[in-house]
Amino acid sequence: FPKTGCSRRAMCAARARGESLSSRLLLLVCAFSALVAFKPSEPFLVAFLHCVKGVATATVYHAIFPLWTYAYLALLPSLSAAAEIIGCRTVVFIGIAGRIATLLLLLLGGTQLALLQLSQVTIAAGFAAYPALTAILYKQLPAEAYSRAVGFVGFAGVIADVLSSLLGQVLLDAGLQLTPLFIISAGATVAAAALVFALPAPPAHALTPLLRGRSLSPSCFSAADSLADSMCTSLAAQPQRDAELPQRTPQPEHAAEAAGAGAC
(Lines of atoms letter the chains of each structure in order from A and count residues from 1; the text may use other names and numbers.)
(Lines give C-alpha, C1' and ligand atoms only; values in the text may rest on other atoms or scores of the structure.)
Protein backbone atom coordinates (compact mmCIF):
# COMPACT_ATOMS: atom_id res chain seq x y z
CA PHE A 1 0.00 0.00 0.00
CA PRO A 2 2.74 2.58 0.72
CA LYS A 3 4.25 1.88 -2.70
CA THR A 4 0.85 2.39 -4.30
CA GLY A 5 0.43 5.72 -2.50
CA CYS A 6 3.90 6.86 -3.54
CA SER A 7 3.28 5.92 -7.14
CA ARG A 8 0.01 7.84 -7.14
CA ARG A 9 1.68 10.91 -5.69
CA ALA A 10 4.46 10.64 -8.28
CA MET A 11 1.88 10.38 -11.06
CA CYS A 12 0.01 13.42 -9.73
CA ALA A 13 3.24 15.41 -9.46
CA ALA A 14 4.26 14.45 -13.01
CA ARG A 15 0.82 15.43 -14.30
CA ALA A 16 1.02 18.79 -12.51
CA ARG A 17 4.46 19.45 -14.00
CA GLY A 18 3.18 18.55 -17.46
CA GLU A 19 0.19 20.88 -17.10
CA SER A 20 2.47 23.69 -15.89
CA LEU A 21 4.80 23.26 -18.87
CA SER A 22 1.82 23.15 -21.24
CA SER A 23 0.42 26.36 -19.73
CA ARG A 24 3.75 28.17 -20.05
CA LEU A 25 4.13 27.04 -23.64
CA LEU A 26 0.60 28.18 -24.46
CA LEU A 27 1.18 31.61 -22.92
CA LEU A 28 4.46 31.95 -24.80
CA VAL A 29 2.95 31.05 -28.16
CA CYS A 30 -0.07 33.30 -27.54
CA ALA A 31 2.27 36.20 -26.75
CA PHE A 32 4.27 35.50 -29.90
CA SER A 33 1.14 35.34 -32.03
CA ALA A 34 -0.19 38.59 -30.55
CA LEU A 35 3.08 40.46 -31.13
CA VAL A 36 3.33 39.22 -34.71
CA ALA A 37 -0.25 40.34 -35.40
CA PHE A 38 0.17 43.71 -33.67
CA LYS A 39 0.69 45.82 -36.79
CA PRO A 40 -1.06 49.20 -36.70
CA SER A 41 0.53 49.91 -40.07
CA GLU A 42 -1.05 47.03 -41.98
CA PRO A 43 -4.42 48.66 -42.87
CA PHE A 44 -2.53 51.65 -44.27
CA LEU A 45 0.03 49.89 -46.43
CA VAL A 46 -1.46 51.09 -49.72
CA ALA A 47 -1.63 54.65 -48.41
CA PHE A 48 1.99 54.39 -47.25
CA LEU A 49 3.22 53.13 -50.61
CA HIS A 50 1.26 55.79 -52.49
CA CYS A 51 1.65 58.83 -50.23
CA VAL A 52 5.09 58.24 -48.70
CA LYS A 53 6.86 56.18 -51.38
CA GLY A 54 5.15 57.87 -54.31
CA VAL A 55 4.10 54.64 -56.03
CA ALA A 56 0.99 54.73 -58.18
CA THR A 57 -1.95 52.78 -56.83
CA ALA A 58 -2.22 50.75 -60.03
CA THR A 59 1.44 49.75 -59.67
CA VAL A 60 0.82 48.67 -56.08
CA TYR A 61 -2.02 46.36 -57.05
CA HIS A 62 -0.62 45.04 -60.32
CA ALA A 63 3.16 44.96 -59.84
CA ILE A 64 3.78 44.67 -56.08
CA PHE A 65 0.99 42.79 -54.31
CA PRO A 66 0.87 39.81 -56.76
CA LEU A 67 4.42 38.91 -55.70
CA TRP A 68 3.06 37.94 -52.28
CA THR A 69 0.70 35.38 -53.78
CA TYR A 70 3.32 33.69 -55.94
CA ALA A 71 5.97 33.72 -53.22
CA TYR A 72 3.55 32.30 -50.64
CA LEU A 73 2.53 29.54 -53.04
CA ALA A 74 6.17 28.49 -53.39
CA LEU A 75 7.30 29.03 -49.79
CA LEU A 76 4.44 27.35 -47.93
CA PRO A 77 5.26 23.75 -48.97
CA SER A 78 8.99 24.47 -48.93
CA LEU A 79 9.09 25.76 -45.35
CA SER A 80 6.64 23.12 -44.17
CA ALA A 81 8.99 20.41 -45.42
CA ALA A 82 12.00 22.27 -44.03
CA ALA A 83 10.43 22.25 -40.57
CA GLU A 84 10.86 18.47 -40.47
CA ILE A 85 14.48 18.71 -41.57
CA ILE A 86 15.90 21.73 -39.74
CA GLY A 87 13.32 22.00 -36.95
CA CYS A 88 10.13 23.96 -36.37
CA ARG A 89 11.75 26.66 -34.24
CA THR A 90 14.29 27.37 -36.96
CA VAL A 91 11.51 27.83 -39.50
CA VAL A 92 9.65 30.14 -37.11
CA PHE A 93 12.84 32.18 -36.81
CA ILE A 94 13.11 32.34 -40.61
CA GLY A 95 9.54 33.63 -40.73
CA ILE A 96 10.10 36.34 -38.13
CA ALA A 97 13.32 37.36 -39.88
CA GLY A 98 11.30 37.75 -43.08
CA ARG A 99 8.81 39.99 -41.28
CA ILE A 100 11.59 42.18 -39.90
CA ALA A 101 13.20 42.38 -43.34
CA THR A 102 9.86 43.50 -44.80
CA LEU A 103 9.55 46.41 -42.38
CA LEU A 104 13.17 47.41 -42.93
CA LEU A 105 12.67 47.40 -46.69
CA LEU A 106 9.57 49.56 -46.35
CA LEU A 107 11.17 52.00 -43.94
CA LEU A 108 14.71 52.19 -45.31
CA GLY A 109 14.57 50.69 -48.78
CA GLY A 110 13.73 53.80 -50.72
CA THR A 111 11.32 53.90 -53.64
CA GLN A 112 12.87 51.30 -55.94
CA LEU A 113 10.20 49.01 -57.31
CA ALA A 114 12.43 45.94 -57.01
CA LEU A 115 12.91 46.49 -53.26
CA LEU A 116 9.19 47.00 -52.73
CA GLN A 117 8.52 43.77 -54.61
CA LEU A 118 11.14 42.03 -52.51
CA SER A 119 9.29 43.16 -49.39
CA GLN A 120 6.30 41.11 -50.54
CA VAL A 121 8.50 38.03 -50.88
CA THR A 122 9.91 38.43 -47.37
CA ILE A 123 6.49 38.95 -45.79
CA ALA A 124 5.26 35.87 -47.67
CA ALA A 125 8.04 33.94 -45.91
CA GLY A 126 6.66 35.19 -42.61
CA PHE A 127 3.19 33.93 -43.38
CA ALA A 128 4.44 30.64 -44.85
CA ALA A 129 6.47 29.90 -41.71
CA TYR A 130 3.54 30.38 -39.36
CA PRO A 131 2.29 26.74 -39.52
CA ALA A 132 5.59 25.69 -37.91
CA LEU A 133 4.41 27.49 -34.77
CA THR A 134 1.31 25.33 -34.51
CA ALA A 135 3.48 22.30 -35.28
CA ILE A 136 5.43 23.06 -32.10
CA LEU A 137 2.17 22.98 -30.16
CA TYR A 138 1.21 19.71 -31.84
CA LYS A 139 4.47 18.05 -30.88
CA GLN A 140 4.63 19.38 -27.33
CA LEU A 141 1.04 19.28 -26.09
CA PRO A 142 -1.19 16.26 -25.42
CA ALA A 143 -3.60 15.42 -28.20
CA GLU A 144 -6.66 16.45 -26.18
CA ALA A 145 -5.17 19.91 -25.43
CA TYR A 146 -3.92 20.71 -28.93
CA SER A 147 -7.17 21.92 -30.50
CA ARG A 148 -7.96 24.13 -27.51
CA ALA A 149 -4.46 25.61 -27.59
CA VAL A 150 -4.73 26.43 -31.31
CA GLY A 151 -8.00 28.21 -30.57
CA PHE A 152 -6.38 30.34 -27.88
CA VAL A 153 -3.45 31.21 -30.16
CA GLY A 154 -5.79 32.22 -32.98
CA PHE A 155 -7.88 34.27 -30.55
CA ALA A 156 -4.79 36.14 -29.31
CA GLY A 157 -3.75 36.94 -32.86
CA VAL A 158 -7.19 38.21 -33.89
CA ILE A 159 -7.54 40.42 -30.79
CA ALA A 160 -4.07 41.91 -31.34
CA ASP A 161 -4.86 42.51 -35.02
CA VAL A 162 -8.10 44.32 -34.23
CA LEU A 163 -6.63 46.42 -31.40
CA SER A 164 -3.58 47.42 -33.43
CA SER A 165 -5.76 48.48 -36.36
CA LEU A 166 -7.91 50.62 -34.05
CA LEU A 167 -4.75 52.09 -32.52
CA GLY A 168 -3.42 52.99 -35.96
CA GLN A 169 -6.65 54.76 -36.86
CA VAL A 170 -6.71 56.66 -33.56
CA LEU A 171 -3.09 57.77 -34.00
CA LEU A 172 -3.75 58.95 -37.56
CA ASP A 173 -6.82 60.87 -36.43
CA ALA A 174 -4.66 62.47 -33.75
CA GLY A 175 -2.30 63.81 -36.41
CA LEU A 176 0.44 61.17 -36.46
CA GLN A 177 2.13 60.39 -39.76
CA LEU A 178 2.14 56.99 -41.47
CA THR A 179 5.82 56.22 -40.93
CA PRO A 180 5.62 55.97 -37.09
CA LEU A 181 2.95 53.30 -37.47
CA PHE A 182 5.47 51.12 -39.31
CA ILE A 183 8.04 51.82 -36.60
CA ILE A 184 5.55 50.55 -33.98
CA SER A 185 4.96 47.44 -36.07
CA ALA A 186 8.71 46.90 -36.30
CA GLY A 187 9.07 47.16 -32.53
CA ALA A 188 6.36 44.55 -31.93
CA THR A 189 7.95 42.23 -34.49
CA VAL A 190 11.39 42.55 -32.89
CA ALA A 191 9.83 41.71 -29.51
CA ALA A 192 8.27 38.61 -31.09
CA ALA A 193 11.69 37.64 -32.46
CA ALA A 194 13.09 37.68 -28.92
CA LEU A 195 10.43 35.16 -27.87
CA VAL A 196 11.50 32.70 -30.58
CA PHE A 197 14.55 31.72 -28.53
CA ALA A 198 12.27 30.74 -25.63
CA LEU A 199 10.24 28.35 -27.78
CA PRO A 200 10.99 24.64 -27.39
CA ALA A 201 12.91 22.99 -30.18
CA PRO A 202 11.36 19.58 -30.94
CA PRO A 203 13.87 17.25 -32.61
CA ALA A 204 13.77 17.41 -36.38
CA HIS A 205 13.23 14.12 -38.18
CA ALA A 206 14.09 14.25 -41.84
CA LEU A 207 11.36 12.73 -44.01
CA THR A 208 9.53 11.44 -40.91
CA PRO A 209 5.73 11.72 -40.93
CA LEU A 210 4.33 14.18 -38.46
CA LEU A 211 1.58 11.84 -37.37
CA ARG A 212 3.80 8.95 -36.32
CA GLY A 213 2.45 7.38 -33.17
CA ARG A 214 -0.47 9.81 -32.83
CA SER A 215 -4.13 9.68 -33.63
CA LEU A 216 -5.46 12.15 -36.13
CA SER A 217 -8.66 12.80 -34.21
CA PRO A 218 -9.61 10.54 -31.31
CA SER A 219 -13.08 12.03 -31.14
CA CYS A 220 -13.75 11.23 -34.80
CA PHE A 221 -12.26 7.75 -34.86
CA SER A 222 -13.17 6.41 -31.42
CA ALA A 223 -16.33 4.75 -32.74
CA ALA A 224 -14.42 3.17 -35.61
CA ASP A 225 -11.72 1.98 -33.21
CA SER A 226 -14.33 0.41 -30.93
CA LEU A 227 -15.95 -1.35 -33.87
CA ALA A 228 -12.56 -2.63 -35.03
CA ASP A 229 -11.75 -3.91 -31.52
CA SER A 230 -15.07 -5.74 -31.28
CA MET A 231 -14.52 -7.32 -34.72
CA CYS A 232 -11.03 -8.46 -33.72
CA THR A 233 -12.39 -9.94 -30.49
CA SER A 234 -15.13 -11.74 -32.40
CA LEU A 235 -12.68 -13.13 -34.94
CA ALA A 236 -10.31 -14.27 -32.21
CA ALA A 237 -13.11 -16.11 -30.42
CA GLN A 238 -14.42 -17.77 -33.59
CA PRO A 239 -11.84 -20.65 -33.71
CA GLN A 240 -12.63 -21.54 -30.09
CA ARG A 241 -16.35 -21.73 -30.87
CA ASP A 242 -15.65 -23.83 -33.96
CA ALA A 243 -13.58 -26.23 -31.86
CA GLU A 244 -16.42 -26.63 -29.40
CA LEU A 245 -19.06 -27.34 -32.02
CA PRO A 246 -18.00 -30.99 -32.82
CA GLN A 247 -18.15 -31.83 -29.12
CA ARG A 248 -21.67 -30.55 -28.70
CA THR A 249 -23.28 -31.77 -31.92
CA PRO A 250 -22.97 -35.52 -31.27
CA GLN A 251 -24.82 -35.23 -27.96
CA PRO A 252 -28.35 -35.06 -29.44
CA GLU A 253 -27.58 -38.05 -31.68
CA HIS A 254 -26.45 -40.21 -28.72
CA ALA A 255 -29.50 -39.12 -26.83
CA ALA A 256 -31.74 -40.11 -29.77
CA GLU A 257 -30.06 -43.52 -30.08
CA ALA A 258 -30.46 -44.14 -26.37
CA ALA A 259 -34.11 -43.19 -26.57
CA GLY A 260 -34.60 -45.53 -29.57
CA ALA A 261 -32.91 -48.43 -27.77
CA GLY A 262 -35.14 -47.94 -24.77
CA ALA A 263 -38.22 -48.02 -26.96
CA CYS A 264 -37.14 -51.28 -28.61
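Glycine residues also receive a Cβ, built from the backbone N, Cα and C atoms like all the rest.
Per TrEMBL, the feature transmembrane segment maps to 21-38, 58-79, 91-115, 121-138, 150-172, 178-199. If you look up TrEMBL, you'll see 240-264 marked as region 'Disordered'.
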Exercise. Counting Cβ pairs under 8 Å to the transmembrane segment (91-115), which of 21-38, 58-79, 121-138, 178-199 comes out on top?
Worked result: 121-138
Seminar exercise, completed: Outside the transmembrane segment (58-79), at least 6 residues beyond either end, the same-chain residues with a Cβ under 8 Å of its Cβ set are 46, 49-50, 91, 94-95, 113, 116-117, 120-121, 123-125, 127-129, 131-132
Problem set entry | Recorded stretch, among 21-38, 121-138, 178-199, maximising Cβ pairs under 8 Å relative to the transmembrane segment (150-172) | 21-38
Problem set entry | Same-chain residues at least 6 beyond the ends of the transmembrane segment (21-38) whose Cβ lies under 8 Å from its Cβ atoms | 96, 99, 126, 130, 133, 136-137, 140-142, 145, 149, 152-154, 156-161, 163-164, 185, 188-189, 191-192, 195-196, 198-200
